[in-house]
There are 2 protein chains.
Amino acid sequence: MKKIAVVGYGVIGKRVANAINLQDDMKLSGVCDIISDWRIQNAVRKNYNIYAATQDAVDKMKSEGISVEGDLIELLKMSDLVIDCTPKKIAAQNVAIYKEKNIKFILQGGEKHETTGHSFSAESNYESAININATRVVSCNTTSILRTLTALKRANFLESARGTLLRRATDPWESHLGGIMNTMVPEKDIPSHQGPDAKSVDPELDVVTAAVKIPETLSHMHYWNVKLKKKVSKDEVLDAFKTSTRIKMIRYDQGLVSNNTIKEMFLDMGRPWGDMYEVALWEDMLKVQGDELFYAYVVDNQAIVIPETIDAIRALTGLEKNAQDSILKTNRTLGVLQN
Amino acid sequence: MKKIAVVGYGVIGKRVANAINLQDDMKLSGVCDIISDWRIQNAVRKNYNIYAATQDAVDKMKSEGISVEGDLIELLKMSDLVIDCTPKKIAAQNVAIYKEKNIKFILQGGEKHETTGHSFSAESNYESAININATRVVSCNTTSILRTLTALKRANFLESARGTLLRRATDPWESHLGGIMNTMVPEKDIPSHQGPDAKSVDPELDVVTAAVKIPETLSHMHYWNVKLKKKVSKDEVLDAFKTSTRIKMIRYDQGLVSNNTIKEMFLDMGRPWGDMYEVALWEDMLKVQGDELFYAYVVDNQAIVIPETIDAIRALTGLEKNAQDSILKTNRTLGVLQN
């Protein structure tokens, strides 16, 4: 039973903590943050061991009546591995502490590949992460790219892939951070960072992305144009995608016509926060034309990396040496939909 | 001096009427509609001759105190050519009347190519429209596709083009029609209709489009991935685009970072309704990689077809036999920005 610390109890951290609690081979040693408002109250309700990042934060939390176990250093002492889910750039600062305390650590996709020297996506490179000291679970968009392109690559169909990424403006609970309304805001650089980021996991991929921010908060949407190595049928492409256990084929003609209908379906299913761990790929929109493939899918930016993070824990701690065994165990515990 | 009737005084019709009034070789014979609310009051303010489509509409307008010249048939008698800007499908019904009255007519892009047998985009096929009886000015998205791809084709750079079209949800003045919020709604079919529609003007184009509706009302945005016939430099691509007088190169690093900043610039310039007749293409986002070209641009769906419609009038009436002469005259009168 490995003891796992979650540092940063925000959008990703609270989901990772929740997912760890669903596993039988690891336990949550505690969560650590600096906030003392309504957000940490969710950890209180769940009876997590709560730690504060700094002594100041310990004092602030105590003044708010929160029972605090100690500071970050004390949490690390109680843990075999730490998942850092703090906002972009802060994790990079925490890394010095993790290294000094000689504890294994997992960062999220907002950090640079160089910070850990290893980037992780379960279906692509689980084995290379076994027993190493640190990895970075790639971002939501990059995770979806790797799942889908790796499935095409396994079938030996993939020549090159060009994607347009329509990014949600901000997270649902946020009011302003990155929010936009009644406009679209492209990222200046082509390629956008997600294509090169996918190569940090699989350098062989020929992938170029362009990204644009959209005034909605639910999830991302990707449009892809893939050059195939050979002419294959639509059914063969669907079969290739189905070799991934984390791509859920959906049907437009079943009424799943938009980000919000997909979100509602996952809320209907009782998923925590309505989370969608799967890439939701439209089967009936997908088109093969000659040696080209066109398709679109939706990515839940808050949830897609959660199963990946659980797998990364198993790889780094050596809990499970077989990628597929870890993936299927994670899928089972989280209720990932199978095709 | 050719006398031009505008039937349908909505988003496109009011702009066409305004543009006709800026020309010295044609005059507006009148505008015709069925509405008698605030929208037609703009025609009253401009002292246009106002006609009503039906006798009922004549009576209704008169009851609202609007001075009405007569019905549609009477307007056609006073005109050499009619521009039908009525909503989708209604124009197709009006065509029977135009044919019976033996008057030349121009439809807008919502109608099918088969309705006229000719589809028009000034820089692509002006000559083929000279002195013919009817044409259809292709839609806003298709117009932008033709301008840009025709420019690449002229330079012999274009092999094939694949585009993702991010469509505005509804027009700025509408409250509900097609409106969506906090989501994205893809069109089910790939290719979406715009790619095939561009081939109605230029059958040689190898173009595939996919389209998705975005919760904003200002304009469309397109992302393109083009296969080039040969390796060329970014400067050569920019030079090719600049052979179109209706593509305006814009710079992200000049603060034009989104649909709304672009809109504000055209309002600053005093364009009527802040209209942008040009395709606004990001010069500093454009990327050449090997034999591939990536770029994005913005399309003002309310305005881009206005210069095309003026040119179509000149072609059908034989006012001008030379495409470039008509285009430059239209550009000058409308104040189209030159690179």
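Just so it is clear, glycine is given a Cβ too, placed from its N, Cα and C backbone atoms.
The Cβ of A:Cys140 (active site, nucleophile) lies under 8 Å from the Cβ of A:Gly109, A:His220, A:Val299, A:Asp300, A:Asn301, A:Gln302, A:Ile304, A:Val305, each on the same chain and at least six residues away in sequence. TrEMBL lists A:Cys140 with the feature active site, nucleophile.
Neighbours of A:Asp33 (NAD(+) binding site), defined as other CB atoms within 10 A of its CB across all chains, total 24. Classification of A:Asp33 (NAD(+) binding site) by DSSP places it within a strand. According to TrEMBL, the feature NAD(+) binding site maps to A:Asp33, A:Asn301.
With DSSP classes pooled into helix, strand and coil, the tally for the domain 'Glyceraldehyde 3-phosphate dehydrogenase NAD(P) binding' (A:2-140) is 56 helix, 33 strand, 50 coil. Look at TrEMBL and you will find A:2-140 tagged as domain 'Glyceraldehyde 3-phosphate dehydrogenase NAD(P) binding'.
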Neighbour count, 10 Å Cβ-Cβ cut-off, for A:Asn301 (NAD(+) binding site): what number do you get? 23
Can you work out the mean pLDDT of the predicted model over the domain 'Glyceraldehyde 3-phosphate dehydrogenase NAD(P) binding' (A:2-140)? 97
